[in-house]
Each structure stands twice: as C-alpha cells, then as structure tokens.
Amino acid sequence: MQNLGIAITGSGSAAPETSLHNEELSQLVETSDEWISTRTGIRQRRLALPTESLSSLAAAASRQAIASAGITASDIDLILLATSTPDDLFGTATKIQAELGATKAVAFDLTAACSGFVFGLVTAAQFIRTGVYQNVLLIGADILSRWVDWQDRRTCVLFGDGAGAIVLQSNQSDRLLGFALKSDGTQNHYLNLAYQGTAQEILPNIKITQGTYQPVTMNGKEVYRFAAQKVPEIIDKALFEANITVDQIDWLLLHQANQRILDTVAQRLNIPAHKVISNLANYGNTSAASIPLALDEAVREGKIKPNDIIATSGFGAGLTWGAAIFQWGR
C-alpha cells in the first residue's frame, strides 16, 4: 500500500453547561478556592447532568470538527473514540457513528486514560499512512464526574467532563512530524479506576465475581513526579524523531492535569510561558478530552494558525504517556 501523509483539518469541542466552582466544593469537602487553585490551577469544572451522555457530548464536538474540516459525516471512514468512561462498557463509538449518520465508518473505542487522545492520534495516523482510510474522526471524551468519590478532596476537586474531536485526512505532505509512546504497568497502582467485586457461589463449588468499578484513586505526589520526569523526556524523543528543535515549537499543548505540571514541563524544556496553552482553570482535568478541547479553543480564538508547530503530550493512568509533534492544517 502507498504511504501517505496526514493533516489535521478540523476541530470541535463540547462541554456541559453546568459549572461547579471551587467555592461550591467547599460545601462538600474541607477545601477552599485558594487551596485548590494554588495547588492545581483549577477554578471550576463542568459536570454532566444525569440527562447528558458521553455520546451526546462526543457527537456535538464531532459535528463541529466535521464542519470545520469541510466534509460530511458520510465521508468519514473511521471513528476512534478515546475514553475511559463509555456509556456502554462494550463501546460507545458505534453509538456516535449512528448519531452522526456516518454510515460507512468503522467505529471503535480506545482506552488509554489521559493519554488516550495522543495514542488515538498515532493510531489514526497509521490507518491513513498505509492508505487504508482517508478520513478519520478522532474523539477524546470523558465524564469522570461519575467515577470520583465526592467525599475525597484529593480527587473530586480535579476532574471535569467534556469532549473534543479532530478530523485527520490523507495529505500530500505529512503534518504529523514525529511521535513517541510509552507504557509502564508496574506503576499502575498510582492512578486507577479498578474493578471491585464480591465472590458469589452460583452453584456448588462454582464461584464467580460480581461488582462494579471503585472510584478513581490516585497518589498525587507520585503522579506529579512521574509527569515531571517522563513528559519532558518523551517530548524530546518526539522532537528528535521529527528532526526539529524545541525552539521551532510554536505551542506546547499538554494534557490539562495540573498547572504545576504544565509549568514544570515547560521550564524543563526551556519553552516560554506564552507558548503554553492552558484552559484547565475553566474545565479541570477532562482526561482524554483535555488536549482536543484546548486545541479547539485555541484554534477558534485565533491563537493556533495554519502551519504552527504544536508539541503535545498526554500522560496518566496505566501508567501511559506519549508525545506527538504536528503542524496545524494542510
């Protein structure tokens, strides 16, 4: 098959209308706006109502991305949904396919937690580069508010809900300049949303386990240490693969986990603060949605312009982390 280039030609985003401010969280747990904002940079987060679904947020973001790419849903060959919180554990990408009317698209979910969008970007690129598909819709979406313990101030202050989407298309020149992906399962226990079940005897001498997933648990200090060390390293590796220097980067777009992490990574890479894209003050950590949501906002605000070089990195549970260097537009 012919190897082709890829371009990111459209973006979109969606978030619930309901906002929860730091001051309101102090009614739930022992905290304050100052405590949260100084440690995380977060001031509010969006929360999905019981009537809202992951697929509805994802579809809204997708419609924007498809429109901005100048194509129709019927042009989409593949839909990749990066999420850890599907409407249906068997997968939600096909539900989005139906909502969009993308009748010819293959659709499946991809789970890599907060790294999901970057892992999905690289996965989508392989389908295009090998000539299998021409138009791919990549979505990052999560509703983690449904999976946090709202009495645990270590986690409930961090997460918000949202969705972001991009369209990738085959292109004469390759706009994905370089990437690197990593995983380390030995550190899985630092951040997880683990299954917790109870043994039940269904017949004599035959036991099964039934249960559900426990809320998000996290060792914040270890996750910070991991991100501060591994994210600059993997961005450097992706830059090497792209054969460009850090000075050529127009924008640093990291997973929006914590402002301290964003600042630390930028400092270690010697990237000035004005090149760092951050919107977590308004959305919190939206997991797989954070990068495409921030990307879309920056494009719509006129910050990111055609041909800008963007260094992006996702990192989180697994533990997983990855980086991609790409140019915006064709």
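In case you wondered, yes, glycine gets a Cβ from its N, Cα and C as well.
Listed ranges 16-20, 171-175, 256-260; the one Swiss-Prot annotates as region 'ACP-binding' is 256-260. Over the region 'ACP-binding' (256-260), the average per-residue pLDDT in this prediction is 96. In this structure, ASN285 is the one among the active-site residues CYS114, HIS255, ASN285 with the smallest number of other Cβ atoms inside 10 Å of its Cβ.
Under DSSP, CYS114 (active site) is assigned to a helix (H, G or I) in the three-state scheme. HIS255 (active site) carries neither a helix nor a strand DSSP state and counts as coil.
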